[in-house]
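Notes for the one structure printed next.
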């Protein structure tokens with residue numbers, strides 16, 4: 001998910017927002033509001049970070065990470081003989097595919113808006129592109145959150161109820177759950193097309209997302225409540241997905257710690273379980289931190305704007321609301337960052353760190369002892385780690 005930015009003329013992005021710019025919102029502002037936004041030349045914000053390089057960099061890094069994750073998952077999936085071990089790989093692959101497709105559908109729009117140097121209405125006079133952009137952000141944003149929740153539930157069941165998991169968790173069931181998540185989110189995102197909710201151009205008039213406030217004076221009461229319902233439902237569904245993910249991950253960590261303490265007989269096995277438990281706990285906490293940082297600001301900000309009845313309409317005419325709308329823009333950027341971080345926190349970074357850990361221990365052992373058993377222990381650690389993930 002990327003926010004779109006554009007130019008309302010030849011003026012830089014930040015400057016045109018801070019000066020008496022007659023671009024995106026000017027026709028709808030009052031004379032007083034336009035006067036409040038007028039500043040002397042040279043007083044604009046630093047625009048060094050606003051560039052077409054931003055969406056291009058996000059696209060390239062996201063494409064590389066998700067494509068690499070899909071490649072590794074595909075190779076591992078074909079090698080696995082046990083069907084129940086494929087559930088985790090299916091979830092990882094589906095998550096990477098969801099993030100990758102979401103980027104490919106939104107980022108080209110971002111780049112076109114940048115390079116066209118025009119207002120959104122000039123590029124999309126019918127409003128269909130705005131609807132498509134908002135729908136895409138909603139579908140692939142919520143899908144990523146609920147796929148992460150499904151992975152957390154799968155992991156918790158594999159650790160806390162291994163016998164039930166082995167007999168009931170089949171590959172077909174995993175596929176059905178993932179497909180059901182995607183179809184359910186798509187049905188939800190189509191509600192504005194049916195008249196419940198609305199996708200609108202957001203502040204500063206250069207990207208589209210769910211409207212968080214009531215419509216204008218010409219809209220009916222049912223349409224206004226439809227907007228509030230849809231925006232609130234999106235925020236609460238996102239928070240629900242985060243809650244499920246956090247609860248299941250904490251339950252998994254607790255189960256791993258209990259199992260590690262139970263391994264008191266064999267010292268080597270106990271030490272190995274201790275390392276695996278620590279590594280897995282760190283990864284799960286990293287996942288929770290990434291999800292919190294990337295998604296909590298957007299979801300909480302949406303609820304705050306709904307409660308305060310703040311929307312893009314207020315940003316057009318009330319200068320005191322622009323700070324809140326700018327925070328909302330930053331929150332969307334954080335959510336878009338999650339698509340880049342997902343493959344790393346779930347798969348790529350863990351494999352890199354585990355192999356580096358084994359290499360360091362192997363070289364350290366060469367200095368301390370001539371034993372050659374450590375490489376086997378490292379291979380065993382990776383094997384046990386893969387087993388825990390599945």
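Cβ from N, Cα, C; glycine included.
Annotated N-linked glycosylation site per Swiss-Prot: 18 (among others), in sequence order.
Swiss-Prot lists 36 (among others) with the feature N-linked glycosylation site, giving sequence analysis as the kind of evidence.
For the topological domain 'Extracellular' (1-53), the model's average pLDDT works out to 42. The topological domain 'Extracellular' feature in Swiss-Prot is assigned to 1-53 (among others); the stated evidence is sequence analysis.
Residues annotated as topological domain 'Cytoplasmic' in Swiss-Prot: 79-91 (among others).
Among the features that Swiss-Prot reports, topological domain 'Extracellular' is placed at 113-131 (among others).
As annotated by Swiss-Prot, topological domain 'Cytoplasmic' applies to 154-175 (among others), with the evidence given as sequence analysis.
Residues or ranges marked as topological domain 'Extracellular' in Swiss-Prot: 198-227 (among others).
Taken from Swiss-Prot, the feature topological domain 'Cytoplasmic' applies to 254-283 (among others).
Positions annotated as topological domain 'Extracellular' by Swiss-Prot: 308-327 (among others).
Residues annotated as topological domain 'Cytoplasmic' in Swiss-Prot, with sequence analysis given as evidence: 350-390 (among others).
Feature annotation from Swiss-Prot assigns transmembrane segment to 54-78 (among others); the stated evidence is sequence analysis.
Residues 1-5, 52, 55-56, 58-59, 62-63, 66-67, 69-70, 73-74, 77, 123, 129, 133, 136-137, 139-141, 143-144, 147-148, 151, 178, 182, 207, 338-340, 342-343, 346-347 of the same chain lie 6+ residues outside the transmembrane segment (92-112) yet bring a C-beta within less than 8 angstroms of a C-beta in it. The transmembrane segment annotation in Swiss-Prot covers 92-112 (among others) and rests on sequence analysis.
Taken from Swiss-Prot, the feature transmembrane segment applies to 132-153 (among others). Sequence-distant neighbours of the transmembrane segment (132-153) (same chain, 6+ residues past either end, Cβ-Cβ under 8 Å): 1, 4, 88, 91-92, 94-95, 98-99, 101-102, 105-106, 109, 177-178, 181-182, 185-186, 188-190, 192-193, 199-200, 207-210, 234, 237-238, 241-242, 244-245, 247-249, 252, 287, 291, 295, 335, 338-339, 342, 346.
Tertiary neighbourhood of the transmembrane segment (176-197): same-chain residues 90-91, 94, 98, 131, 134-135, 138-139, 142-143, 146-147, 150, 210-211, 223, 226-227, 229-231, 233-234, 237, selected by CB-CB distance under 8 Å and a gap of 6+ residues from either end. The transmembrane segment annotation in Swiss-Prot covers 176-197 (among others).
If you look up Swiss-Prot, you'll see 228-253 (among others) marked as transmembrane segment, on the strength of sequence analysis.
The transmembrane segment annotation in Swiss-Prot covers 284-307 (among others).
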* Which sequence positions outside the transmembrane segment (228-253), separated from its termini by at least 6 residues, show Cβ-Cβ distances below 8 Å to it? -> 138, 141-142, 145-146, 148-149, 152-153, 155-156, 159-160, 188, 191-192, 196-198, 210-214, 280-281, 284-285, 287-288, 291-292, 295-296, 298-300, 302-303, 306
* Asked: When the topological domain 'Cytoplasmic' (154-175) is classified with DSSP, how many of its residues are helical, how many are strand and how many are coil?
  -> 19 helix, 0 strand, 3 coil
